[in-house]
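Feature annotations, reproduced from TrEMBL:
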- 12-40: transmembrane segment (TRANSMEM)
- 52-73: transmembrane segment (TRANSMEM)
- 80-98: transmembrane segment (TRANSMEM)
- 104-125: transmembrane segment (TRANSMEM)
- 137-156: transmembrane segment (TRANSMEM)
- 162-183: transmembrane segment (TRANSMEM)
- 303-319: transmembrane segment (TRANSMEM)
- 339-358: transmembrane segment (TRANSMEM)
- 370-390: transmembrane segment (TRANSMEM)
- 396-417: transmembrane segment (TRANSMEM)
- 429-452: transmembrane segment (TRANSMEM)
- 464-484: transmembrane segment (TRANSMEM)
Amino acid sequence: MVFRKPPDGGWGWVIVVVSFFTQFLCYGSPLAVGVLYLEWLDAFGEGKGKTAWVGSLANGIGLLASPVCSVCVSSFGARPVAIFSGFMVAGGLMMSSFAPNIYFLYVSYGIVVGLGCGLLYTATVTITCQYFDKRRGLALGLISTGSSVGLFIYAALQRELIELYGLDGCLLIVGALSLNILACGSLMRPLESTSSPPPEKMFVDKVPDQYFVYHEKEKTVEENISILEKGYIDEKCVNNVPDCKQDSILNKNTLSSINVNEKDTYKKKVVEQTNFCKQLAKRKWQLYLTYWKETMVLFKNKVFSALFVAILLFDIGGFPPSLLMEDVARSANISEDDYYMPLISIIGIMTTVGKLILGILADFKWVNTLYLYVTTLLMTGVALFAIPFAKSYLTLAMLSGILGFLTGNWSIFPYVTTKTVGIEKLTHAYGILMFFAGLGNSLGPPIVGWFYDWTQEYNTAFYFSGFCVLLGGFLLLLAALPCWNACTNQSSKLPPNTYSYKVASNA
């Protein structure tokens, strides 16, 4: 199916608005799950590491399942997937209000809500890209702020709802609000296709002529026909023994009276369809082999390999503060009277600011986006090391703002990936990196929680988080240094389809 040219406006701006609110409604609660995390700790009395799995699954499962989400949107379209996912998110939140234990939350909140968010993210990005070409960057930037604004508002909203209606009432109300995703999804009108071939002839007509005759299988087709004839006669004999001979004679006469041309046409169609299926399976197998070969070529690029390690370590160490910062404040015995705003809300609003400012900086020609990304990693590591020394609300609020701003480096991550592997390999490389980013999101908070359960304080946990982020930043910095490119050029030439950062950035 070929879609008409993106209008870059018109109904596309409606798509931007509904995609913004879709991400706002679906990601608001999972990103602000730190408020719920405190209540679950008190309600179920489980360890911090085990309880942290709920929020980490909700935020990581969508990235881990990104290939499945892409297939669903490609097969069914953005609007049906968005409506179905709206039911998933709302249903998962409402079911979580009846959770009898933490394991129930793993499924209802972690997997159901997380998978629904992943499907909605893929649907909103896909439909936006279909409607925009020249203004695609602006459109994607606008809808991506929906999740950050959702984090900012839902952190305070869920806290107020818990005080008024309790944890169960909060989840029911938030789940009801998520039903508005259905209205947003219904407005995701797909672009009309320019031409659509008849479905019944779409596959057979495209089979090349050389596949129509396959002499090696003609004998097999005749054998299959004879087996069918024999099976029919045997069945009649079992059901009615006296008439067996008579039916056998009648069937032989009927089969012998079949026109030879019709029989040849039938065999030809069977051969054509069998041959097409074999060629399709062979083509699919070749695609899988090509995919793995291209993956191996990507990992031969030292900057991409370092980027893969950096994004994994960054999400292991950098994601826990957005989930655990409220519990850090409670562990530091900070009075609620000093709370002017939830720390998670500060992280959310500063993430929005960081996305905008870092995105603007990345557009300047004199700014090297890879070094800018490395700078955010190193600063994040330093900020994580400073958390154990924060003993007041003001210092924690300042560190939350800094961490939120630096987390906005997600807006420049596609730029960095493009400069590293080239635009032609962006989709393949970005999918791999997002998978490992989801793995880091899923593992980070439980690891930090286990450190607390082991040591009964957060200091060691955040030292570990800071070390992970700093290690990833230094590895990426070393891989990106120009001296490595000079050494590589002197020793040997790059293999085909392999890019250094310098080469890709000049392309």
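For all residues, glycine too, the Cβ spot is worked out from N, Cα and C.
Within the same chain, residues 47-53, 55-57, 59-67, 70, 295, 298, 304, 307-308, 311-320, 323-324, 413-414, 417, 420-421, 458, 460-462, 464-465 sit at least 6 positions outside the transmembrane segment (429-452) and bring their C-beta atoms closer than 8 Å to a C-beta of that stretch. As a quick check, the transmembrane segment (370-390) and the transmembrane segment (303-319) clear the bar of 3 or more Cβ pairs under 8 A, pairs 6 or more apart, so the two touch.
Looking at which of 104-125, 137-156, 339-358, 396-417 has the most CB pairs under 8 Å to the transmembrane segment (303-319), the answer is the stretch 396-417. Through the fold, the transmembrane segment (162-183) approaches residues 21-22, 25-26, 28-29, 35-36, 39-40, 43, 82-83, 85-87, 89-94, 96-98, 120, 154 of its own chain, all at least 6 residues removed from its boundaries and within a Cβ separation under 8 Å. Same-chain residues lying 6+ beyond the ends of the transmembrane segment (464-484) with a Cβ under 8 Å from its Cβ atoms: 302-303, 305-307, 309-314, 316-318, 320-321, 370-371, 373-374, 377-378, 380-385, 444, 447-448, 451, 500-502. Ranking 104-125, 137-156, 339-358, 396-417 by CB pairs under 8 A with the transmembrane segment (12-40) puts 137-156 at the top. For the transmembrane segment (137-156), same-chain residues at least 6 beyond its ends with a Cβ under 8 Å from one of its own Cβ atoms are 12, 15-16, 19-29, 31-32, 34-35, 124-125, 128-129, 131, 174, 322, 341-342, 344-345, 347-349, 351-352, 355-356, 359, 408, 410-411.
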